[in-house]
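Shown next, in structure tokens, is the structure this report addresses.
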Amino acid sequence: MALQIPSLLLSAAVVVLMVLSSPRTEGGNSERHFVAQLKGECYFTNGTQRIRSVNRYIYNREEWVRFDSDVGEYRAVTELGRPDAEYWNSQPEILERTRAEVDTVCRHNYEGVETHTSLRRLEQPNVAISLSRTEALNHHNTLVCSVTDFYPAKIKVRWFRNGQEETVGVSSTQLIRNGDWTFQVLVMLEMTPHQGEVYTCHVEHPSLKSPITVEWRAQSESARSKMLSGIGGCVLGVIFLGLGLFIRHRSQKGPRGPPPAGLLQ
């Protein structure tokens with residue numbers, strides 16, 4: 001499927017090239033440089049559910065006229081663009097063709113590109129929970145759910161406390177673009193943790209067959225210390241058990257060396 005280019009942009013490009021290639025005035029000693037940009041832009045929301053087409057006409061880095069499909073007609077951005085906007089708006093054929101570019105150009109190109117390129121790319125998010133301040137229970141705090149490295153941008157992140165969705169005190173950053181086309185976002189929950197409460201960050205994304213849920217449990221410092229001590233004790237126990245088995249195994253084999261001299265006679 002070939003990509004389409006807005007027809008009026010193409011026509012305008014030919015005119016600009018003719019003007020820029022005109023011979024210089026005889027006797028002129030210095031070159032004059034002109035830059036004309038003709039930009040056709042397509043904006044998509046939820047795939048092709050909503051499409052916006054924008055054509056921009058720029059001369060020496062200054063936009064002079066624009067067509068926006070949400071407006072439905074050409075609008076002059078500067079006085080330089082007023083004659084062109086008025087003329088193009090007076091031509092039903094031009095106006096109808098440009099309005100149709102939402103489908104003939106934007107939708108057409110989206111469907112072609114989606115079939116063959118990274119628009120079908122899916123990257124699963126990584127999810128982690130952190131506490132903004134290390135404080136005791138029953139003090140105001142903020143839980144941060146970090147959702148990173150996902151594609152496409154569409155994502156839904158929710159907070160739950162003991163199985164009930166939290167809507168008060170929830171805020172988030174804007175989507176942050178990574179250099180590899182993936183995204184990340186932080187979703188915060190203002191809360192006051194109490195002993196035994198379970199907070200869950202619930203993430204839904206097109207790349208996932210089922211949502212990702214990550215839990216954070218409210219614990220006192222003493223409970224956390226006991227848990228860490230228990231884990232440390234288990235690790236040390238496994239190490240000493242392994243060391244003891246190794247020593248016992250070596251001692252059962254006995255020392256290696258030449259047989260007693262009497263056995264050789």
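Keep in mind that glycine also has a Cβ here, set from the backbone N, Cα and C atoms.
Taken from Swiss-Prot, the feature signal peptide covers 1-27.
Under the DSSP three-state reduction, C42 (disulfide bond) is assigned to strand. In sequence order, I51, R52, S53, V54, V105, C106, N109, Y110 constitute the residues six or more apart from C42 (disulfide bond) in its chain with CB-CB distances below 8 Å. If you look up Swiss-Prot, you'll see C42-C106 (among others) marked as disulfide bond, on the strength of sequence analysis.
The N-linked glycosylation site annotation in Swiss-Prot covers N46.
Listed in sequence order, V127, A128, I129, V157, W159, L186, V187, M188, L189, C201, V203, V214 are the same-chain residues at least 6 apart in sequence whose CB falls under 8 Å from the CB of C145 (disulfide bond). Summarising the annotation, Swiss-Prot assigns disulfide bond to C145-C201 (among others) and lists sequence analysis as the type of evidence.
The annotation topological domain 'Cytoplasmic' is assigned in Swiss-Prot to 248-265.
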Q) Looking only at Cβ atoms, how many others are within 10 Å of the one on N46 (N-linked glycosylation site)? A) 7
